[in-house]
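> Okay, handing you the structure first.
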Amino acid sequence: MALQPAREGKEAKKDPQSGAGSSMQLFTWEDIGLCTGQGHPQQEQWLVIDRKIYDIGQFYQRHPGGAQIISHYAGQDATDAFTAFHANKALVRKYMSSLLIGELAQDQISMEPSKNKLLVEDFRELRATIERMGLLNLNGLFFFLIFLQILLLEAASWITLWYFGTSLLPFLISVVLLTTSLTQAGYLQHDLGHLSVFSKRKWNQVVHMFVIGQLMGMSASWWKLTHVQHHAKPNCICKDPDLSMHPILFTLGKVLSVELGMKKKKFMPYNHQHKYFFVTILPFLFPVYFQYFAFHKTIQRKDWVLQATCNVDQSLFNDWFTGHQNFQIEHHLFPTMPPYNYWKVAPLVKSLCAKHSIEYHCKPLLTAFADVVHSLKDSGELWLDAYLHK
């Protein structure tokens, strides 16, 4: 399928990426909507970055960040995702030049018509502000102290068993110390995976593989694949891998729970999921998924992360206990920002929310944890009612 320029007879523009003399066709959002994988999925998939239109249909399988994450933005404005996920944008743009097919016509807005234009523009201005403030700059000393803490806690765990023996009390103390060490290692690998520790991408990747592989026994590639997809489309069903536990282990959200019940599907006794949560997910993955449940609401499609995310009140303990993931809103808006700067940008995000009448959710830690149980209980009851009576 080859579309004609949306503005016939209009003077073509020069393309600075492809070189002088090349012209760019002008398209509308309607044109883009016709080229988002309809027909054969590998033919044409268009997306927009800084008003430039790229056809990723023959490229998405070779995308270094994964085929799915870039395909999720087909037919959409991917400017903010491109900015958030690529540190060296100038280098990436060189490789993108071969995919460039045109740009938006002058009478077309820079993002999908369904989006809030003023909100998107204000958010982009906010990002420019935090860049000028240096809040994306890295501090190696902070992460060195975190790494030292991990090693000391793990050493203390083994020393406890070696010196005091394997009776019940030393064993329990050793378990607490080792669990705390692995939890903090999980937070460190998370920051490494987000390229938030070292200025050079390669150093982040190498140390990330060591921390998650040697200290935690997990796959760096698997984590990157799933976590980057989560950040690309947080809480979107069929796009966020963090929701893959629905419906195998849990039923999540009101709409999905009712739909599952009406289909008479039952993989687990979901009306008891708020009970078995504590003997399935919690002991093995605490606090990773526990925090996910506490800080996120499940949705099918939302255009603004604040509608499905909440923070937990800041304190020295909460920051340490959650690895600064108590600032979920700021983390999802600026995924490469070093975590020790979240509290600095939080007032700016709150101001943006107030300007656009968006509720900024922030809860005490225990309240957020209690909401996990209540949410699972409510979802389970909705499923049971639909399963039995609809």
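For all residues, glycine too, the Cβ spot is worked out from N, Cα and C.
In case it's useful when we look at the structure, here is the feature table from TrEMBL:
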{"type": "REGION", "residues": "1-21", "note": "region 'Disordered'"}
{"type": "COMPBIAS", "residues": "7-16", "note": "compositional bias 'Basic and acidic residues'"}
{"type": "DOMAIN", "residues": "24-105", "note": "domain 'Cytochrome b5 heme-binding'"}
{"type": "TRANSMEM", "residues": "134-153", "note": "transmembrane segment"}
{"type": "TRANSMEM", "residues": "159-182", "note": "transmembrane segment"}
{"type": "TRANSMEM", "residues": "203-223", "note": "transmembrane segment"}
{"type": "TRANSMEM", "residues": "276-295", "note": "transmembrane segment"}
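Give me the local environment of each listed feature.
Here the domain 'Cytochrome b5 heme-binding' (24-105) has a mean pLDDT of 86 out of 100.
Within the chain carrying the transmembrane segment (134-153), a Cβ under 8 angstroms from the stretch's Cβ atoms is held by residues 177-178, 180-181, 184-185, 187-188, 191, 196-199, 211, 215, 334, 336-338, 340-341, 344-345, all 6 or more beyond its ends.
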